[in-house]
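Per Swiss-Prot, these features apply:
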- 1-18: signal peptide (SIGNAL)
- 97: active site (ACT_SITE)
- 148: active site (ACT_SITE)
- 187-224: disulfide bond (DISULFID)
- 261: N-linked glycosylation site (CARBOHYD)
């Protein structure tokens, strides 16, 4: 293969990268928990798979767990720095949780964010909505709406999540939205019959990419699709590549007991294909330099 052809091939391949968005219930994440070596090591490897990750059930009162986790993540993954965006502490009682976004800041940036105004107090932990830029001509921005429902009010909260979608899509004048998180949308918390009556199931345009039969739990004794990702918007759906729960115990060769020290949930992930022309542009100066260096070999003097 000639050098120019090879370089062009590399550029095109480089421009066809997937963009992975994840959600993970980290099960009562505290400073004491992340300070444990195996927990930290596993969390960092899970986070490093994702371009954007929404951590749920962060209950650290010290305010030190996330900065420590971010520092270790950036030490582990040298491909580009991660940044974080955290919600306020959310909850009705003294028990509160925080949603935390981890994102690769050289690939995406937070354009705007807010906590949904839950005037009727439907949500135990109201969604922390964020709009992110994407390296895509087809879909230059995307709205994420994470939710961790309470098992006692799953149906009520998920029906209210449809209202959140309507408000968010009007706020940003965009139908390209991803709803994601630990919905508790299966087994004893929500039967299949009740699930199928949700407005997020009956209204057109919502694509549940984590299937009802998927297992998002670590314990061998359970098989429940608690954690979900729901896509909306034609542009968003057109870029869909894959979606699945990530079986981290098998991948990282952990026993069930070791895995449960991390969480009793699997992360859920969706990959979008962002193979757009402007993804290639940052390489252009490098390519020109390489071509100039190779030019004597390509065009020898006569």
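Sequential numbering from 1, following the chain as shown.
Every residue gets a Cβ built from N, Cα and C, even glycine.
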For residue 187 (disulfide bond), identify the closest of the recorded positions 97, 148, 261, judging by Cα separation.
148
Chain-internal residues near residue 261 (N-linked glycosylation site), provided their CB is under 8 angstroms and they sit 6+ positions away:
36, 38, 39
Report, as a single number, how many Cβ atoms besides its own are within 10 Å of the Cβ of residue 224 (disulfide bond).
18
What are the sequence-distant neighbours of residue 148 (active site), meaning same chain, six or more residues apart, C-beta distance under 8 angstroms?
25, 56, 57, 97, 99, 124, 125, 181, 182
If H, G and I count as helix, E and B as strand, and all else as coil, what does DSSP give for residue 97 (active site)?
strand
Should residue 148 (active site) be counted as helix, strand, or coil on the basis of DSSP?
coil
Local Cβ density at residue 187 (disulfide bond) - other Cβ atoms counted within 10 Å:
15
Give me the count of other Cβ atoms within 10 A of the Cβ belonging to residue 97 (active site).
21
